[in-house]
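According to TrEMBL, the feature Ni(2+) binding site maps to B:His2. Annotated Zn(2+) binding site per TrEMBL: B:Cys73, B:Cys76, B:Cys89, B:Cys92, in sequence order.
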Amino acid sequence: MNQRTIVVQRDVQSDQKADAAAERERLGRRGTLVVNLLSSPGAGKTTLLEATARHFADRRSIAVLVGDLETDRDAQRLSPLMPVAQLTTGGACHLELPLVQRGLKALGDPEVDFLFIENVGNLVCPASHDLAEHLRIVLISTTEGDDKPGKYPKMFRTSQAMVITKLDLLPHVPFSVEAVTEDAHRIQPQLKVLTNCALNGSGIENWCNFLEEQHQQQLAIYHEPAGNR
Amino acid sequence: MHERSLIRSLLRQVGQIVVAEGGGQVTEIRVQVGDLSGVEPLLFQMAFDDMVPALFSSDCRLALEMVPVTAVCSECKHQFEIVDFQFRCPKCQTNLVQVIQGDEVKLISVSINSNNSIEGVAS
Ligand SMILES: [Zn+2]
């Protein structure tokens, strides 16, 4: 009997992280900024995507991969506005890179300016998975309460921006934009905070400008002219 | 339950190591889980117990160690533990801090029992 211990010291997700980095580079090189949208169910990811598509209209090409536990309702809503592939997780709580790659293939690997990934509604599990995104955005609606960042630190720590939605409901709900911003900044000081309201469209222009800015900044390293399709 | 997905990755890595080591029975897998990894230790253990018998012996033990979140200050280089997810340097109060430990799930070591008596001699 020969008992021995092999010291490894390796990140359990190192293979997945390397795959995600390679995919991110591939998409970035050809001018696609990958945007991973995360939130609780019902925070308004689909509505934000609809408004984004309308704002960009013919100026920017976009496509979306919609993660859903079982149904394709969100995909149906979005399909008149942009190419959509549905990623059904069969009840799983998050998306993983192979699903994203399959969705991209289903779309014919389109050369778009922005590829959005609408993650499944969950503020915990998706935070642990790199989907090759350049930008991780966490959405929080005013109806959810302003104590979310402290409750889901990893999600807010790993995101680059927080989008506060349903601002029109602010007079009716116990939610403070200042409180949620302060809470989020304790966890991620660099977190960019944006607000919007789907009903009157306020904040959408700011959001799209932010996306444009990120497109330019993040893809500059690939030395390609930032998408002038 | 992303714990199952992490266990799947973990067991795949262990499997590769066992093959590279020329086989044997895995008796213990040591793992470090950071407080910022989003992993619930109880669910992690349950997923392990559930999935390990299919690949290795059910005698294979998971040694799980929780790791506190540690950061280093970008300004004064002070190294400190993050408590209550307050990402601020206690010395100079800046919030430009870098997490150096506690946000990942790490395979530390694999213990293997091989009945192969030649092995010790050959190497
Ligand atoms: Zn300091």
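Using N, Cα and C of the backbone, Cβ positions are placed for all residues, glycine too.
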Listed in sequence order, which of the binding-site residues B:His2, B:Cys73, B:Cys76, B:Cys89, B:Cys92 sit with a CB under 8 A of chain A?
B:His2
Only counting partners 6 or more residues apart, tell me which same-chain residues put their Cβ under 8 Å from the Cβ of B:Cys73 (Zn(2+) binding site).
B:Gln79, B:Phe80, B:Cys89, B:Lys91, B:Cys92, B:Thr94, B:Leu96, B:Val97
Cβ-Cβ distance under 8 Å to B:His2 (Ni(2+) binding site), same chain, at least six residues away:
B:Gly38, B:Val39
Chain-mates of B:Cys73, B:Cys76, B:Cys89, B:Cys92 with C-beta within 8 Å of site centroid, Zn(2+):
B:Ser74, B:Glu75, B:Lys77, B:His78, B:Pro90, B:Lys91, B:Gln93, B:Thr94, B:Val97
Helix, strand or coil at B:His2 (Ni(2+) binding site) [DSSP, three-state]:
helix
Under 8 Å by Cβ from B:Cys76 (Zn(2+) binding site), counting only residues of that chain that are 6 or more apart:
B:Cys89, B:Lys91, B:Cys92, B:Thr94
Let me know the most crowded of the binding-site residues, choosing from B:Cys89, B:Cys92 and counting other Cβ atoms within 10 Å.
B:Cys89
Please classify the secondary structure at B:Cys73 (Zn(2+) binding site) using three-state DSSP.
strand
